[in-house]
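What TrEMBL says about this one:
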type	residues	note
BINDING	Gly10, Ala11, Gly12, Lys13, Gly14, Thr15, Arg129, Thr138, Phe139, Gln201	ATP binding site
REGION	30-59	region 'NMP'
BINDING	Thr31, Arg36, Arg57, Leu58, Val59, Gly87, Tyr88, Pro89, Arg90, Gln94, Arg162, Arg173	AMP binding site
REGION	128-165	region 'LID'
DOMAIN	129-164	domain 'Adenylate kinase active site lid'
BINDING	Cys132, Cys135, Cys152, Cys155	Zn(2+) binding site
Amino acid sequence: MNIILMGPPGAGKGTQAAKLVKEFGLTQISTGDLFRKAHREQTSIGVISDYFSKFGRLVPDDFTNEMVYDYLKENMNNFGNGFILDGYPRTILQARELEYFEESLGFKIDAVINLDVDFDVLKKRLSGRRTCKNCGATFHIMYKPPKVEGVCDNCGGELYQREDETEAAVKVRLSTYEGQTRPLIDYYKMKGMLTNINGDQSMDDVYSDIKKCLEAL
Ligand code: AP5
Ligand code: ZN
């Protein structure tokens, strides 16, 4: 089972993907995480992506598509029960390119799940998020606090606030979402692939709705 998990910044894609990985043995492919890893390793794509990401803008399609294609091609036999695309595609051009990848690499996207959350809620979620420097796990100072402040529950790593979580960058991320990514909702609706889920519920209730959708498949 291969699925696309869509939604605005802070909608809970990473949170829900982590639950799906644990229960269903799926592999999470987060383009945001891949870019951040490339940045830490100072590869050329890492340097380029950081230039756009830190201001809240999308990395240009050509770079993003190439990175995703290479990743899929290299790992096609290691995805276990399938994969979750978290944060890709984010433009119509990326969605079209993904269709080309399906043909050339021989896989199929089974469903597109869209997490719907109001912008006011998103702002609160993004400003309170803390991410583990070591394993990438995410927490929230109010909604999912770590047991010890500033320390990851999973691995003991240090928690930090991402560079693109400043008020200015969040503003750009939300307007970029409106302009470039929201049109994908209609794109996948017209293809009959989209399930909309209310992302403004508790993490467990959102997860239970996602599970119902996947079980129906
Ligand atoms: P990326 O890392 O993908 O960021 P994003 O889409 O903005 O998503 P986030 O990771 O911020 O949020 P999320 O939906 O995963 O929410 P989370 O579960 O953490 O991308 C970063 C950048 O990389 C982009 O800006 C762009 O520059 C570049 N990029 C990536 N993909 C690209 C692409 N395809 N094309 C071009 N550029 C690309 O939850 C957020 C917080 O809320 C957490 O603290 C969590 O604990 C809390 N929370 C989650 N669910 C709930 C709930 N139900 N109730 C209460 N709190 C909750
Ligand atoms: Zn950790």
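Cβ coordinates are placed from backbone N, Cα and C, and glycine is handled just like the others.
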(message) Can you tell me which parts of the same chain pack against the region 'NMP' (30-59), counting only residues 6+ beyond its ends and a CB-CB cutoff under 8 A?
(response) 13-14, 17, 67-68, 71, 85-88, 90-91, 136, 163-164, 168-173, 176, 180
(request) Given the binding-site residues Gly12, Arg129, Cys135, Phe139, Cys152, state which is nearest to Arg162 (AMP binding site) when distance is taken between Cα atoms. (result) Arg129
(request) Find the shortest Cα-Cα separation between Tyr88 (AMP binding site) and the binding-site residues Gly10, Gly12, Gly14, Arg129, Cys132, and name the residue that gives it. (result) Gly14
(request) May I ask which of the binding-site residues Gly10, Gly12, Gly14, Arg90, Arg129 is closest to Cys135 (Zn(2+) binding site) if we compare their C-alpha atoms? (result) Gly14
(message) If you measure from the CA of Phe139 (ATP binding site) out to 10 Å, which binding-site residues from the list Thr31, Val59, Arg90, Cys132, Cys152, Cys155 are inside that radius?
(response) Cys132, Cys152
(request) Using Cβ-Cβ distances, find the residues under 8 Å from Arg57 (AMP binding site) that belong to the same chain and are at least 6 apart in sequence, listing them in sequence order. (result) Val172, Thr176
(request) Mind giving me a neighbour count for Val59 (AMP binding site)? Other Cβ atoms within 10 Å of its Cβ, every protein chain shown. (result) 20
(request) May I ask which of the binding-site residues Thr31, Val59, Arg90 is closest to Arg129 (ATP binding site) if we compare their C-alpha atoms? (result) Thr31
(message) If I take the Cα of Cys152 (Zn(2+) binding site) as reference, which of the binding-site residues Gly10, Gly12, Gly14, Thr31, Arg90 has the closest Cα?
(response) Gly14
(message) Helix, strand or coil for Arg57 (AMP binding site)? Use DSSP.
(response) coil
